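Summarising the annotation, TrEMBL assigns transmembrane segment to 23-49, 56-76, 96-118, 138-156, 195-223, 235-258, 270-290. Annotation source TrEMBL lists domain 'G-protein coupled receptors family 1 profile' at 39-288.
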Amino acid sequence: MSNSSSLNEFLLLAFADTWELQLLHFSLFLGIYLAALLGNGLIIIAVAYDHHLHTPMYFFLLNLSLLDLGTISTTVPKSMANSLMDTRAISYSGCAAQVFLLFFLLGGEYSLLTIMSYDRYVAICRPLHYGTIMDSRACVKMAAAAWGSGFLYSALHTANTFSIPLCQGNTVDQFFCEVPQILKLSCSDSYLREIGLLVVSGCLVFGCFIFIVLSYVQIFTAVLRIPSEQGRHKAFSMCIPHLAVVSLFLSTDMFAYLKPPSISSPAVDLVVTVLYAVVPPAVNPLIYSMRSKELKDALRKVISWTLFSSGDIAIALHK
């Protein structure tokens, strides 16, 4: 293949060679995907319909759940379909769509996690000004900025990646179209443009990371000054879920892209990619629901309402 214009499809990495193991892969991914759909879907419904959760913290959590749903839906369904149909192929346009959506959603999620750390900082360090600073208009603008930054970040990377000539075959050593794996197919030094763009992106990510760290240093300093144990417990309960989600997001991403070449292998790369692209969207709803009494109560109401409505429908159909 002389260049990327002659490519009609890419071949993704297969999890297994035998039908039994492919079926196992399908079953595992289906379980994780359904858990992510259920967890994030319940959070979206609970926040949308329970007026007690109409606060900035839960508004941002709703946006995070939407981004998580999009992230896991970008990669997992195609991988499951390939396992069932015993194929590795993905079209050129499908590959470009995966790259665009993944950068869009992950970029938006990281921006949103940074905004959520600012929200926690204002709530704990400047509580008297919280209603003024984090009013509904400001929250909408911040959320729009997170989605918009993800879109811009994605458009730049996708356009740059797929303008690079590819002549090293069409086999992508990953279960979805990942930019570092696509760059390995490049046949010219033009891939250095994308490497440069990734470095610039890394600097921006590091800047956001420093902002999050500084925010939490001030948050924990303020929390430790709270005289009552109950007040400290409540403040920590507000922050720990977000800090856990940020830690999971950053640790898996950083290990995936900054791990030493000496420990890199197809098996290790595959496991690490599953950890950063598949596991967090399924785990994040559990992390948030475990520490928030308000969210737990809202989720119970949603589940009870769902079961009650299903029972009514079943009775009506029986009659």
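Each Cβ is built from the backbone N, Cα and C atoms, and glycine gets one as well.
Automatic prediction, not curation, is the source of TrEMBL annotations.
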Let me spell it out: take the transmembrane segment (56-76), skip the flanking residues so only those 6+ beyond its ends count, and list any with a Cβ under 8 Å from a Cβ in it.
29, 32-33, 36-37, 40-41, 43-44, 47-48, 98, 101-102, 105-106, 108-109, 112-113, 115-116, 119-120, 123, 134, 139, 142-143, 146-147, 175-176, 238, 245, 277-278, 280-282, 284-285, 288, 294-295
Positions whose Cβ lies under 8 angstroms from the transmembrane segment (195-223), at least six residues beyond its ends:
110-111, 113-114, 117-118, 120-121, 124-125, 153, 156-157, 160, 179, 183, 232, 235-236, 239, 243, 246, 250, 257
Contact between the transmembrane segment (235-258) and the transmembrane segment (23-49) (at least 3 Cβ pairs under 8 Å, separation 6+):
no
Report, as numbers and ranges, which residues of the same chain sit near the transmembrane segment (270-290): CB under 8 Å and 6 or more residues beyond its ends.
13, 15, 29, 32-33, 35-36, 39-40, 42-43, 61, 64-65, 68-69, 71-72, 75-76, 102, 174-176, 178, 241, 244-245, 248-249, 252-253, 255-256, 259, 296, 299
